[in-house]
């Protein structure tokens with residue numbers, strides 16, 4: 001009997017003790033190594049060691065990432081033309097928008113530092129849209145107040161003000177920041193297009209209360225108001241552009257942006273509140 005049991009295969013026993021593995025069998029397979037390495041690298045890095053401001057490559061980066069050089073690495077240009085890429089920039093709290101509105105009126109409040117980590121497009125969009133309707137409506141009303149002193153029969157509501165206001169304001173808020181973004185890049189600076197859009201959009205907020213004050217039917221006071229408002233808005237643009245140029249000598253571009261902002265103020269006065 002003992003010899004019979006001794007001749008039985010060992011696999012018929014309890015099977016709780018695994019067979020010993022050779023050193024070659026203990027090595028993981030190439031498939032397992034690839035899968036493990038891929039899991040360790042998820043999510044994939046967007047750039048090099050420098051993050052947003054680093055020199056490594058990467059695609060379109062979402063908001064909220066720290067900016068070492070005020071620049072978002074953009075090797076994939078599709079990110080600029082993808083609507084979904086801008087959706088996170090509209091996810092902003094009301095308190096944040098109100099704080100940025102206040103900072104846009106008070107240029108010394110460090111506005112660019114506030115939007116550095118989390119720029120938004122919600123505020124600039126509604127600021128520009130509100131300004132368009134206010135310029136068209138109050139521009140017509142200001143014309144009525146001025147002409148009623150002479151002959152009210154020659155006054156009529158000019159619907160064309162809406163077309164002009166929409167074309168100029170939307171075009172200015174979108175095109176001017178983009179132009180200066182490429183100019184700053186050409187001359188060696190590393191700006192952020194979204195931050196430029198955000199900054200220029202909030203710079204238009206001061207023209208909203210100014211359009212109410214321009215209803216005063218006194219031409220001298222209207223010029224005083226628009227000069228003060230245009231100067232404040234230009235100063236706001238200048239201070240924030242200096243802060244984002246990282247000490248580079250860009251005074252010619254900064255002065256050009258300030259002059260262009262003041263020119264916009266003069267256009268508002270001459271065209272809508274003449």
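Backbone N, Cα and C define each Cβ position, glycine as well.
What TrEMBL says about this one:
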REGION    16-71  region 'Disordered'
COMPBIAS  47-61  compositional bias 'Gly residues'
DOMAIN    106-265  domain 'Yip1'
TRANSMEM  121-141  transmembrane segment
TRANSMEM  161-184  transmembrane segment
TRANSMEM  196-214  transmembrane segment
TRANSMEM  220-239  transmembrane segment
TRANSMEM  251-272  transmembrane segment
> the domain 'Yip1' (106-265): mean pLDDT?
Replying inline: 87
> Near the transmembrane segment (161-184), which same-chain residues lie under 8 Å Cβ to Cβ, leaving out any that are not at least 6 residues past its ends?
Replying inline: 124, 128, 131-133, 135-136, 139-140, 190-193, 196-197, 199-201, 204, 241, 245, 250, 253, 257, 260, 264, 267, 271-272
